[in-house]
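S.K.: Residues or ranges marked as transmembrane segment in TrEMBL: A:12-38, A:58-78, A:108-128, A:166-184, A:205-230.
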Amino acid sequence: MSNLFCSSVGKKLVMSISGLFLIMFLFVHLLLNSFLLIPDGGEMYNAGAHFMATNPMIKVMEPVLAIGFIVHIVYALILSHQNAKARGNVAYASGNKTQGVSWMSKNMLILGVTVLAFLVLHIAHFWVKMKVTGHDLLAHTTIKVGGVETEVENAYALVNYTFSQLWVVIVYAIAAIGLAYHLMHGFWSAFQTIGFSNNVWRVRLNIIGAIVAWVVGLGFAIIAVAQHLFFQA
Amino acid sequence: MEKFINITLKVWRQNGPKDKGRFEIYKLNNITTDSSFLEMMDILNEQLIGEGKEPVAFDHDCREGICGMCSLYINGHPHGPDDDVTTCQLHMRKFKDGETITIEPWRSAAFPVIKDLIVNRSAFDQIIASGGYVSVSTGGVPDANAIPIPKADADEAMDAASCIGCGACVAACKNGSAMLFVSAKVSQLALLPQGRVEGARRAKAMVAKMDELGFGNCTNTGACEVECPKGISLSNIARLNREFLCAKLQD
């Protein structure tokens, strides 16, 4: 057990588990974002954001999530470095003409870096403003939570303002599609790595993975585009 | 139908492990499309000997696709452009008249070049020696039904056992990973009762040796499975992961 994470399979297990954990986070995030599609002036979204900001469970999960990201990124770099070394420094002059290998499976690092670049921007856009620096648009507003008048931060106003900028929407949509491609390979690969796959489940996992990837990718993209097109005051 | 083609060969030449190596161009005329790829290489070498040059060194042995000795990375594919065959079973009818054929050795840090197109694949032998066997004599041939084995398991074990250890999986892998090879060896034994007993120890020992020898980590691209001359399935890698992780969790 002790040296599990020194082995190649053990390191891949870390990628697999952290990746699946991050996919779960994406679904929670997407669920919250879906409230942005409700035309109620952001009341439901603000209630959701208030719940996420005050729930003790979420307070615990926030650092865990940060660790999940860091572990996934650090191990990706370690594994990629080892793989480049194992490959050797002489490339094939005739290239690689193997048919039937998906483009994303060969470019997970590039897709990952794309998602990471977006993540930095995304944290600067929202997390920093909500948690650290504060922002004028976040001025308190009163909504009804379960029939009780509650004073909450107006997270909706900040989201609505951010998505009023066309370049932001374009960058977010591109990143969401990059994420979808990352998950197209990442989802099934995670299950293959923990050993939960065979000739039957490989097909199923690939189909489920494609559905997960595009629900998440297109979900985030559509919400951003919809905010820009239909929800600007 | 038999045809004769003229081809240009771009062959990797390297005098020894420390030599830098370079490509050399050779022209071959009137090669019958009925000849195998290695027969074409023999013709090339006879031509080179006739010219007083050193012949191209390449690995080969049985020439009937079962020993795993031949290698060669031909026009972007390990074992060339044909599917499910080794280089010795590749025929010149797969190539066009006037075509330039690029021939390279397997490229992987764990398979260093010895000379020209020959690489040192003894890393695979070391992995097998670390645990790819059953360590007690299982006796003579038992009664057919003395140990019941489900047909599906027997088939999968047999499919895994068809791995000839040629190293095409490593050559095809962008990570230089030997997971398809190791997983086939672990699977063929893990699926049958005689091999099952030492399953946990075997998976741990073989993965440890594979890592130690500098093979890369599997990223499940599936290139190995596509290029494998024996069609070894990626599902073996899932089984190896399962065997290895379960074994580690029991420690």
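In case you wondered, yes, glycine gets a Cβ from its N, Cα and C as well.
Note: TrEMBL annotation is automatic and uncurated.
Because the structure is a prediction, the values reported are computed rather than measured.
Could you give the neighbours, burial and distances for every feature on this list?
M.R.: Beyond the ends of the transmembrane segment (A:12-38), by six or more residues, the same chain brings 4-5, 44-45, 47-49, 52, 65, 68-69, 71-72, 75-76, 79, 156, 159, 179, 183, 186-187, 189-191, 193-194, 212, 215-216, 219-220, 223, 226-227, 231 to within a C-beta distance below 8 angstroms of the stretch.
Packing against the transmembrane segment (A:58-78) from elsewhere in the chain are residues 11, 14-15, 18-19, 21-22, 25, 51-52, 108-109, 112, 116, 119: each is 6 or more residues past its ends and has a CB under 8 Å from a CB in it.
Within the chain, the transmembrane segment (A:166-184) has long-range Cβ neighbours (under 8 A, six or more residues past its boundaries) at 23, 26, 102-104, 108, 111-112, 114-115, 117-118, 121-122, 125, 209-210, 212-214, 216-221, 224-225, 227-228.
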